[in-house]
Structure formats: structure tokens, C-alpha cells
Amino acid sequence: MPVGEAQLPLIVVWLIVAALFFTFYFNFINFRGFRHGFRLIRGDYDDPESAGEVTHFQALATALSGTVGLGNIAGVAVAVSVGGPGATFWMILAGLLGMASKFVECTLGVMYRTEYPDGRVSGGPMHYLRKGLAERNLGGLGRALAAFFAVMCIGGSLGGGNMFQSNQAYQQVVNVTGGDASFFAGRAWVFGLLAALAVGAVIIGGIKSIARVTEKIVPFMAVTYISAALVILVANAAQIPAAFGAIIDGAFSPEGVTGGFIGVLIQGFQRAAFSNEAGIGSAAIAHSAVKTKHPVTEGIVALNEPFVDTVVVCTMTALVIVITGTYTQAGLSGVELTSAAFAQNIAWFPYVLALAVVLFAFSTMISWSYYGVKAATYLFGESALTETLFKVVFCTFTLIGAVMQLDAVIAFSDSMIFAMSLANVVGLYILAPEVKRALGAYWRDIESGAIRSRRELARTGD
């Protein structure tokens, strides 16, 4: 959609308008629920007897592993190089607003999940679109949206959640192992095969296996990456005020940017939307597996996801790029730009970045494999055969992604994710009143003492 000299993707409008609406509709839950979310993540309210398969922290780590990754490394670099430092401001704002969308979809994911006798659960947009809309005499629309979402989710899991990750990980490994002289140069199929075997070894064990891996990979890589950024920021502490000044000035009075103010805003919003996936519906599938008796708790946990992904990791990447000034260098973009920015102060950082790209890509792939499995079993029935067949197909696409041209992968991935958001956000609007009632009841139970933390229970001897 053209806006002046800039192009505004419809998916960005769709997601940002929804995020803004939910922020006001839920009275700024993105800020009111922030502190309580950390208490839930810490396990203060965990109940081992609750239905579900994973803890609050494991569910968050699994969902984060699907979002924290190449978007934080390459996507931010693209936003700053194209939109200037000011894009960072709008990226942060979009991340804060997206917390509300994430709250709604992940609360619904638990609220309408299906629990099986053997302890397994299935949830996500497919389930709350079908069940929730049926409760409002919109059963036909709900079934259609649920089936449409499931089909698009399978495409998204194979595209952006798999082939794109494999492709970018391969490119980064080749770059740091000698370029054209690398063993992997011209042998993309070898890298793809190794990646497929590694992914298969994890996803064969289902969500519990995936959660055990992601709860280790995500914190390790996040701490490593953020620590490297902090080293550079501390070394250049005197330039931080000027960097923030450039970000604020660039947000409202950009110069030399295509589309001017609107162009900068679009770059920031677009990167945040694609990075934290708030409103896409994918994270609701992972969060629905949590052990809890109160659906709202997982929504409150989930709203921390865009904060970590966009406000913390993306912002630190942007600050390093702005402070080092590498965004003004011609010929650099994406991962290469981020690598050059960090390498100015940490000469060996390109190797750390290569490891980060590979591990982030790996964790993203195993998380999106779970999303794809749940979409496939929704369409074709819960069975070991359906799960196994999809996992084989998924690993095959990991190999294919490594050898494909990047442009084709990106075009396919973007279209699938946009389609997922179309169906999902329609459901969020319709079901928002149900979430609002549940949230009000939950806060009243917290205030009255009907729901107490483990520390409070221990203190009273209950």
C-alpha cells in the first residue's frame, strides 16, 4: 500500500492497529501485567497438579526461540540501514504495543485448548477460532478460519520457520569458515543434511523434548549476545546519549530517508511486527501446552515475549549499529552489517555471531516444527502417523532450504505469515470480551487471596 514515497505493507497496518486496540481495550495490560508476569515465569504460582505439559518458563522459552533470532540480528540492521536511527524508536513502540496482542492470543490458546487423557494438550488459533466462535453462533466462520489458519501455519512452519532459517545459517557458516574456500561452499546439501538430522533428533521427542532444548539454548544465546552488546555499549558509554538523540531526532525529523517520517515509521513497525510475531498466532500454540489452571496467567507470561525480543534484544542491536556508525557504510546490510558493527570493538565477534545465527536458527526450526505438527494434526487428526509424516516432511524442507535461493524463500514465508495473521486477528477481536472477563476475575482472585503464590502458601502453612 503506497503512503507518499514509501510502501506500507498491509500486514503491518493489520497488526499495529490490532495491537493499539488491545492496548486500550485491556487498559494497558502490557504494562500492568509486566511485573506479575516475571513472578509467574519464576514459578511463584506453579502448580504441579495443573493440566499441561511444560512450565511457564519452558513455554516462554519455546515461544521465544521461535521469535528471537535472525529478525533481531539481520532485520534490525535492515531497518536502521534503510530507515536510519529513527526506525529504532518506532520499533520499540511497536514492540510495547505488541505485548497486548500476545497477551490476548496466548490467553485464548490455553482457554480453548484440548486436553487428552494421556496428559498431552493441543491449542492455538485453530482451537479458539473453532470453539470460541462456535460459542457465539459463528461456527461456520470459526471452522473456516481455523482450517485456513492451519493450512497457512503449515506453510509458515516450512517457510520462514524452517527453509529461511536453514538458508541463513548456511550462508553465515560459509562466511566464517573461509568464504569461497570453505568446505561447505558449493556443498549446501551437506550442511542442509546435517541440519535436518540435528532438527530431527530433537523434534522426534515432541514438545517436552523441544522445551528441554530451548530452555537451555535461548537463555545461553540471549545472554551471550546481550553481553557482547553490553561490552560495546560500556566501551562507548560516552556516545550513548548522542545515539539516543539520533534515534529520537531521526524518528520525527528524518533526513535522506525514502518517504521521510512515514518511511522511518514503516521500517520500525515492520521489523517489530516480523520479529516478535505478536498477532500472528504462532506463539499461542506453544503457550497452550503450559501447566496452569488459569488461562490468563499464560497470557501475562507471554506479554513479556515482545519485550525481550523487540525492546531488549532488537534495541541493543540497533544501539550498537548506531554508535559504531556502520549503518552509513555502503554495501553492508543484514547479518553482515550487524557483524561489522560488533567487530569494530570485538574482533572475533563474527565467529560468535555465526554461532548465534546457527543456534537461533536451530531453536527457531524446532519450535516451528511443533507449530506445524499441531496444525497438521488439527487438519488430519491426532495420530502418531500424522506427526511422524510431518516431521519427515519438515526435515526434508530443512535440506531444501539450504540449497534454495533466498528471495524465493522470503516471498513464500511472508505470504504465509500474513495469511496466518488475517485469520488470527479476526478471532482475537471477536473473543476479546471473553479474555477481558477472565482477566477481571483473575485480578479479583489475586487481590482476595483466592490465588496465592507458593511463598504465601508456605508462610500460612496451607
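Cβ from N, Cα, C; glycine included.
Of the listed segments 83-105, 244-266, 267-289, TrEMBL assigns transmembrane segment to 244-266.
If you count C-beta pairs under 8 angstroms between the transmembrane segment (307-328) and each of 140-164, 217-238, 348-371, 383-404, 410-432, the highest count goes to 217-238.
The stretches the transmembrane segment (348-371) and the transmembrane segment (410-432) do not meet in space: the count of Cβ pairs below 8 angstroms, excluding pairs fewer than 6 apart in sequence, stays at fewer than three.
In terms of C-beta pairs under 8 Å, the stretch of 140-164, 217-238, 410-432 lying closest in packing to the transmembrane segment (383-404) is 140-164.
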